Amino acid sequence: MSMLITGITELVTGEEGADGAVEDPLHAGLGVLRDAAIVIGGGGEDSAATVEWVGPAAQAPAADWAIDLEGRSVVPGFVDSHSHLVFAGDRSAEFAARMSGTPYDGGGIAVTVEATRAASDHELRTLLQRRVQEMRAQGTTTVEVKSGYGLTVEDEVRALRLAKEVTDEVTYLGAHVVPPDRRDEAGRAAYLDLVCGQMLQACAPHARWVDVFCEPASPHAFDGDESRRVLEAGRQAGLELRVHGNQLGEGPGVQLAVELGAASVDHCTFLADAEVEALAGSDTVATLLPGVEFSTRQPYPDARRLLDAGVQVALASDCNPGTCYSSSMPLMIALAVREMGMTPAEALRAATVGASKALRRNDIGRIAVGLRADFAVVDAPSWLHIPYRVGVPIVRTLEV
Ligand SMILES: N=CN[C@@H](CCC(=O)O)C(=O)O
Ligand SMILES: [Zn+2]
């Protein structure tokens with residue numbers, strides 16, 4: 001069965017050289033078609049629907065069914081390449097304290113660990129599913145989900161198994177922080193052995209990625225040598241690499257990610273020139289998480305500096321109970337435009353095709369023949385309304 005979608009005022013394909021694309025700097029790099037149509041086909045219990053045709057509505061072929069979007073816009077579904085959705089508990093008081101000046105240092109992660117360990121599978125699954133639904137309702141069609149609030153072999157495996165129920169982009173983050181009861185020298189060393197040994201062996205079959213919170217500025221997280229050990233062990237176990245780096249201060253995270261060929265280094269808030277140069281000459285994506293700076297009152301990363309240096313940039317939510325309890329990719333786009341020097345077109349690219357690169361995927365983040373039919377509909381005549389109408393729920397996933 002095939003379906004024709006018409007009534008699309010602006011269609012963002014994400015294909016830079018798309019035939020008939022609008023030539024206007026406002027839409028640069030987005031392959032925007034006006035008065036467009038899409039035909040999708042296939043799809044069923046075992047397979048996703050795919051795009052069969054894209055082009056001007058006047059030339060659209062016939063299909064078995066038709067939907068008229070009546071003057072709305074369509075963009076590729078957002079790719080949220082960084083989230084921590086498997087958790088229980090509440091840290092709203094920590095957020096309130098930060099808004100009155102208490103700095104973030106990662107210490108609150110222990111609060112979530114305790115609540116998450118105490119939750120039943122059913123409670124955690126329900127919370128996770130609600131958060132994924134919340135994302136879909138705002139246009140996100142692909143999400144990466146990390147463990148990291150279990151920090152025992154059993155609790156980390158449980159988080160990954162649950163995450164796998166909602167996405168294939170599952171990340172082992174046993175190296176989120178050293179658990180609070182292991183903070184002396186011997187306990188720390190023993191925890192690192194566990195993360196790189198027994199816990200990794202138990203977790204690797206349930207994950208695609210390994211990640212580490214590389215942040216010498218936090219007493220709870222890991223330094224450069226410890227992070228290298230985690231990443232090398234993860235790679236040895238068959239996992240691909242991602243890094244949390246340079247969130248709270250300058251540090252070794254970015255250089256390590258580049259040196260080891262990580263797909264992405266996330267945060268990148270505090271960067272020296274050497275880090276920007278290293279990223280520019282690499283295949284490692286710099287994933288920026290502006291919701292974190294919003295919710296921690298830190299300075300925003302300088303996206304303009306990265307883009308001007310030729311760095312591949314992605315945007316993601318980092319939805320988590322501590323540094324950013326927002327799952328809204330439209331908000332991240334608006335913050336990137338308002339606070340980080342990105343043009344609307346750069347921000348939308350970073351949240352779609354840029355983020356697909358951060359997951360080393362080429363089947364998502366664009367709308368093109370043969371790709372999955374992953375779209376978001378914008379209830380407006382132009383996709384530019386995404387950052388323009390900040391805070392207004394005008395983006396949703398198109399369920400087909
Ligand atoms: N930086 C480390 N992890 C999360 C925060 C987790 C938390 O505070 O619960 C982040 O990406 O910001
Ligand atoms: Zn994170």
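Here the Cβ of each residue, glycine as well, is placed from N, Cα and C on the backbone.
In the record from TrEMBL, residues HIS82, HIS84, ASP318 bind Zn(2+); the candidate from HIS27, HIS244, HIS385 listed for the same site is HIS244. For the 4-imidazolone-5-propanoate site, TrEMBL lists TYR149, HIS176, GLN247, THR323; matching the candidates ARG91, ARG366, ARG372, ARG389 against that entry yields ARG91. Packing around THR323 (4-imidazolone-5-propanoate binding site) is summarised by its Cβ count: 26 other Cβ atoms lie within 10 angstroms of its Cβ, all protein chains included. Our reading of the N-formimidoyl-L-glutamate binding annotation (TYR149, ASN320, GLY322) yields a largest Cα to Cα distance of 11 angstrom. Cβ neighbours within 10 Å of HIS176 (4-imidazolone-5-propanoate binding site), excluding its own Cβ and spanning all shown chains: 27.
In this structure, the C-alpha atom of HIS82 (Fe(3+) binding site) lies 20 angstrom from that of ARG91 (4-imidazolone-5-propanoate binding site). The Cβ of GLN247 (4-imidazolone-5-propanoate binding site) has 28 neighbouring Cβ atoms from other residues within 10 Å, across all protein chains displayed. Rounded to the nearest whole angstrom, the C-alpha distance between TYR149 (4-imidazolone-5-propanoate binding site) and HIS244 (Fe(3+) binding site) is 15.
Sequence-distant neighbours of HIS244 (Fe(3+) binding site) (same chain, six or more apart, CB under 8 Å from its CB) are ASP211, VAL212, PHE213, CYS214, GLU215, ALA221, GLY253, VAL265, ASP266, HIS267, listed in sequence order.
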